[in-house]
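Take a look at the structure below.
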């Protein structure tokens, strides 16, 4: 029988080989917390000591929560989804991910929720990447002045409160005054730029619906689709029945999608409809998290809520690609009170405001823009020169008209100059009326406003102003096409162009018929001939001589 011998070297080599080849596949470390309190879309979690601010936490059933309050031994989270199945004692796990949104051109033409998930039933979206929602806005040195116009197609805005690429222009007014309509028309007006195929002209749009009814959001989608504008628009929807957390993060998701295009050297337009509901959702979240309330029960950082959002709108420097993000935030007022807390906050953040007044809306002035309280701090630097040359007189005439209109309400006798000013102002107000979904190209706007401010419409009855404008602009396009071409190519209203417009107005007035069937310009009646200038033929008359019998 052979003796079994094991050498120590063999044992050592075997152990070393086993240790070197060992791979730990099941060993790992995971932080697990537990739900302490839950309700009203809020959950308090104990444990998870290494959680980061704005980190996503995973609850039972895969529901996500956003860590907002990092307290000693406890975390206050906002549930981003259905919270009915979340109960006390359930486990909560860290994801290690900061709140972010997928971005890319695949989102154009789609409707998504505030987490970037499609909700339009058109399948999954292939994202080009993701972008964190809480990132620093561009610094001062990374920006350049706003100087390129962004045409909205709305005469009253493009003429008197011009918007430039990279600007933040507030749309403010009571409910049911046409705020959403103005924003949607601005999106629709980018259609021609999109179809041109020129990246320097194209503007990609994002519409963020916060706290809106689902039927209202459906109407917006239909309006954009019918106008051919959905192809370059992304809609981020947080309807009224969604949790407060979705309404809170929806604007940041929309801005993340738009910023992706801006940092790629492209141009984007974002509409926040409306930030009042986001502030109310943030107030509800803060009160449930027991943050100390301030004015109107809003938390102390509600200003920062909107400032860090709107500061992301910018015109980047050429070194960063020269992209731009233009913001149109919407704020809803109560009883036209623009001095309330949230309206004054956003007014101080933005670069101007368009104030829509309910009284004007009820009078049939659509869009119901109050030119006295509406302003653009960018001013004429964001206007083409042709528009700038005619818009200054328009604002002055309308301001004088409003002042005289209030004075004339007392029944005082007015001199002829005042009556003429009132008559022209009434025609200018009628000229600025514009139907929904029919934006005007800038060259047609310039011609229309030129005709109004130079008195060419003073002899046209107010009831016929809009029909005269429509037919006259079409007449110029047919008979004087060089007018529009000159404005588009040069951006100016030259003396030669004005001379052509003078001829066009005079010619068109001769063929325009009023609503009562009478011609606008009566042809002068032919004057009678001067008898002194008429040569008459003289015929000699031969009378027979009188007979002698007749003499007797």
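Backbone N, Cα and C atoms are what each Cβ position is placed from, and that goes for glycine too.
Feature list (source: Swiss-Prot):
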- 173, 174, 175, 176, 177, 178, 179, 180: ATP binding site (BINDING)
- 374: site 'Required for activity' (SITE)
- 516-552: region 'Disordered' (REGION)
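Mapped onto this structure are the features recorded in Swiss-Prot.
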| residue | record | DSSP class |
| --- | --- | --- |
| 173 | ATP binding site | strand |
| 178 | ATP binding site | coil |
| 374 | site 'Required for activity' | coil |
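Apart from 173, 174, 175, 176, 177, 178, 179, 180, the ATP site neighbourhood in this chain, defined by C-beta within 8 angstroms of the site C-beta centre, holds 332, 356, 358, 361. Note on the recorded positions 176, 180, 374: the fewest other CB atoms within 10 A surround the CB of 176.
Taking the Cβ of residue 173 (ATP binding site) as reference, residues of its chain lying under 8 Å away and at least six apart in sequence are, in sequence order, 179, 332, 333, 336, 355, 356, 357, 358, 368. All protein chains included, residue 174 (ATP binding site) registers 18 other Cβ atoms within 10 Å of its own Cβ. Annotation for the binding-site residues 175, 178, 179: lowest Cβ count within 10 Å of the residue's own Cβ, 175. Long-range neighbours of residue 177 (ATP binding site) (same chain, six or more residues apart, CB within less than 8 Å of its CB): 356, 357, 358, 361, 368.
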